[in-house]
Every structure is written in C-alpha cells, then in structure tokens.
C-alpha cells in the first residue's frame, strides 16, 4: 500500500518507515476526520490559510510576550472574519471549526470562547426569538462573547454560586450583582480584555425566593469605544500555565440592570410581573455544558494524537546505542521500552477518538429529543460525558507526558512542541468540571442503576451501555476482555453501593456516607468508562470494511485492551477472572503486538494528517529534517540578538574582569 505523505527531500529515515506501510493512509485519515469530504475540505483550508500574508515568516509564539501574541492574534481575527463567510458553509459546524483551527493554534485566540462556548449556548439555550436577535449581532460582527460561570470562590458546585440576578418588577428587569469578593467571576476565557458581552450564570431571585442558577446575557463594554460600562469592573487575571494567547479574566457587577428578555428562556422563563415557569427537566438547561464536555473528548484525543505523532516521528530520526549491528546506532523506536511508552498512548488516542465520535452522535440525538420534550436519555448522557471527561483528560495528560519524556532532552525544549501541548491539554482536567467531581457525577447515576439491580428492576436490561449491570456474575473465569471489564465494573459498583447503604443504615447522613465512599465511587466510575471505551472501540473497528485498515486498528484496539487489563490486574485476580499465568501470557502478547505495530507506526501517525502548522514542533516535522531546523529555531531566541548581553556587560563582565585583575 501507499503512504501518501512521502515527498522528495524528506529525511530518508522517515521515507524508509513510510515505505513499510501496509494500508492506505488516505483512508485512515478520512476515517479519523469522518469522511473524504471533510479531509479534503480541511486540506483546502490549510492551503488557503498558510498562503495568506499574515502567516508568512511567522515568529514562533514561544518567543513572543503576551502583548505581542495578542497583537498577532487580533490581526488574525480580523483576517479570519474577512474570509470566514466567503470560504465556509456557516450551517456546517464541522467546517466552521476546521477553518478556525487552521487560523489559530491549539493555544487559543481572542475568539476561542466566542466560537466554542458562547455561540453553542445561544443556539442551545435561547428561545427562537432571542436567537434571532443575538445571532444577528454575531453575524454583523458587533459582539464578541464569552461564558462566565466560574467564580473566585466556587466552580463545579453551581448551586453555591454567589452572583445574583434579582428580578425588579417595577422596571421589568434583572439586577446583576456580585455581593462578595468570592462571587467575582474568575477564569472565563477572553473575558479580561476582548469580549463586550458575556453569558453570566447567576442565582435567580424573584421576590426574595431563589430559583437556582440561570443564564443571563450581559453587555459589559461599550460597543463604540470598548470601555467597561458603569457598574462593571473587569480585567485579566494574569499569567497562567498555558493559554497565554487568551485573556482569562475577572468581572464584578455592581447592581447592573439588564432587560428581562436577556435571561436565556428556551427552557425556564420569567414572565412580565415575575411569574417563573420552570423547565421540563431540572437538568435541561445544562445541555450546553454537556455539549462542551462532549466536544472535549475529541479535543483531548487530538492533543494526545499530536504528541504521539511528534514522539513517533522523532523516535525514528533519533539513533542511539547498538543492538546486533555494531556498525550503526539504532533508531530509538526499535527499543521495546520506547515502543511500550508510545504505542499504548497511540492506542489510547484512537480509543478516545472512537468514544468522542460516539458521544457527539449521542449528544445530537439527546438534543433532538429534548427539542420535542423527551429527556429520557439526558441522565445517561450526563453520566457518560462526566466520566469520560475525567478519564480521558487525565489519561491524555499522562500519555502526552510519556511522549515528552520519550523524546529525551529535546522533549523538554519548546522546540518539540510537547511542553505547550501538555500545558494546554492538562487544563482539561479542571475546566468544565474538576475531575474528581466529574467521576462522582458519573457514579451518582451508577448508584441509581445499582438500586435497580438490587430491586430487580430490569428497565435497562437491554440497554447497550448499561445493560451489563443486570447480568448474573458468579466470578467464573472469562476469556473475553470485554466481559472481564464488565464483571469488574459490576462488582465495583455493587460493592460501593452496598457499603454506602451500610453506612447510612448505621446512622450516617447521605453526604457523610458518600464522602466516606468517595474514592471507591470514583473507581466504580472509572471501571464503567473502561467498559464504555472498550465497547465503542470494538464497535468502531468491527464496522470498518477495508481489511487493511481493520487489521492495523484492530492491533491498536487489542493493545489498548490488554494494556488496560494489565493496569487493573489486581482486580482481575481479586475476582478470580484470570490466573497469574494467564496474566503473564497477556503481558507477553502485548510485547508481540508492539513488534507488529512498529513497522506501521509512522504511517499510523501520518494518517492524523497534522500539518507542521498544526503541530508547531521541530521534532515532529513531516519531512523529518529535525536537526538543521532545531539549530535554525534556536536563532529565534531574543538572547541571540546580542553576542554579549547588556546585562552581562553591566554586571558579570565587570565582576569577572575585576577577579582577573586582582589575581594578576
């Protein structure tokens, strides 16, 4: 078969690897992006953007300070809007997202929250009349928005948010207020200096009664001069671990009045006079949050895939040590330890891709059902997105760090791109719900299932994702890894359910009992997500028609399953699902799978179709010409503008000259 990424003047080390390809890289790339049409459109956008004047001779962003980054990205924003409506089918979210990605790196831009959080909230949580009004302002490029939920003192616990929206009957308006220091909205992206409107999550009060958190649209800056409006105190929160191109901000409201119609009213409404109309389901308004978590799965998969691409390519360029042939050093990817570091992460990346595609489809179905008043699948979706968000973001972070370390000293340099990818990705463990809390959100639904199992209520017995809980598990040995995962998940869920009830029966409050079982509840959630990942990974691979693709992705799936199994071998032994000898056999099988993946590794990562502009990595360059470009990259350092630094002339040179003279 052909690797379509082979080009003249490439490093022969990578060309050699690409010639080993046993499958069609175009087909795998199309599978990753969803279709040939999407892959083609993505490449068209790449060619279009890279030829724009604003993208010629770009200075690496790591050598820019924040003001310079904002200057460059703000200019790109103007260019983006100049071309967006001409080049993009705006009714196609995938196309819009691809075009955005080609303009801005994974580190974000002044439009990040506007596109990926602000607009989805308008589309998902506003009434039709409200959407018409606000989307017109968006189309006219009059507003740039963000989403302000997190406060200085509260994040994931929405019920305890302190910002208030009090209905004023006399003026038929809401008064937005920050009553305490800890009620200051803190962290929203693009809030500090960019946005002129924001969605504010605040506690709704009507005649002294609190109706819980609701969404409100608030203008925060003048549309003409961009100055903060009266009653608004807003700014940037300062340097962060990553996302230096995004102005995460703070905002305080001093009794800011907004029209009643600025409350998001697709689900809950407040009528003139103050009558409150509750939503059809108490969680219906959380649809936008679930959407962001759904999208995050594919985003996190992409971060891990980028790291795997860099590490795999560089591991075929780097030579170190000898094996049998003492005349030439070997490629470091030929070492079993290097393969064991990188290939399981590659297998995980594809597991996350499969689950991300599945969860987006499920979200779209639930969203469609909710539009007609059916919220039956919303609890399942909330359970899955919460658990997946936690597991995927955590494991992606571990995987990226393994890829960084596999690149040795060069992996520690920003030239590799890996520190930036890691710093950007790892924020996903916290934003949109702290991971420990998310796992417990998942386990809350699992406890309801456990209750049904205990009561022999078979309402979900035939459900593809949760039906396995209702099967009879008697600790018999299973040869199917899927069944082993299901058995462990079932036992962990039922054990913590029984322990939770035992504590409550002893007189403990539900909250205290829950806290006493929290670690085991999180383990139960992780076990269920493992079952889900295995199920959708297998389903995805089984649907592939091309036998060569099925073979290579089947190897990755098999590696993922057995690697995961080894990670939980203590539970496998605890429940007598396999013998120690059988576990040892699986370990040897993993090593054999690594050997089979080895000749295909570069072609697999090539099929993610990341351009050099996507990766922003000298080590992961498509052409493999690493070392000459590493030296070129170093010349961009601001320190290299001087042969002798001014600070050295001012301080160190007089000191060393003085020492020399005194010795003479």
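Note that Cβ sites are derived from N, Cα and C of the backbone, with glycine treated the same way.
Automated prediction, rather than curation, is the source of TrEMBL annotations.
Copied over from TrEMBL:
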type     : residues : note
DOMAIN   : 24-144   : domain 'Acyl-coenzyme A oxidase N-terminal'
BINDING  : 150, 189 : FAD binding site
DOMAIN   : 286-447  : domain 'Acyl-CoA oxidase C-alpha1'
ACT_SITE : 432      : active site, proton acceptor
DOMAIN   : 479-656  : domain 'Acyl-CoA oxidase C-terminal'
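Everything TrEMBL records as a feature, shown here on the structure.
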| residue | record | CB count, 10 Å |
| --- | --- | --- |
| 150 | FAD binding site | 20 |
| 189 | FAD binding site | 25 |
| 432 | active site, proton acceptor | 23 |
The DSSP breakdown of the domain 'Acyl-coenzyme A oxidase N-terminal' (24-144) into helix, strand and coil residues is 89 helix, 0 strand, 32 coil
Between residue 432 (active site, proton acceptor) and residue 150 (FAD binding site), how many Å separate their Cα atoms?
9
Based on DSSP, name the secondary structure state of the residue listed as 'active site, proton acceptor': helix, strand or coil.
coil
Mean predicted confidence [pLDDT] for the domain 'Acyl-CoA oxidase C-alpha1' (286-447):
95
How would DSSP class residue 189 (FAD binding site) in three states?
coil
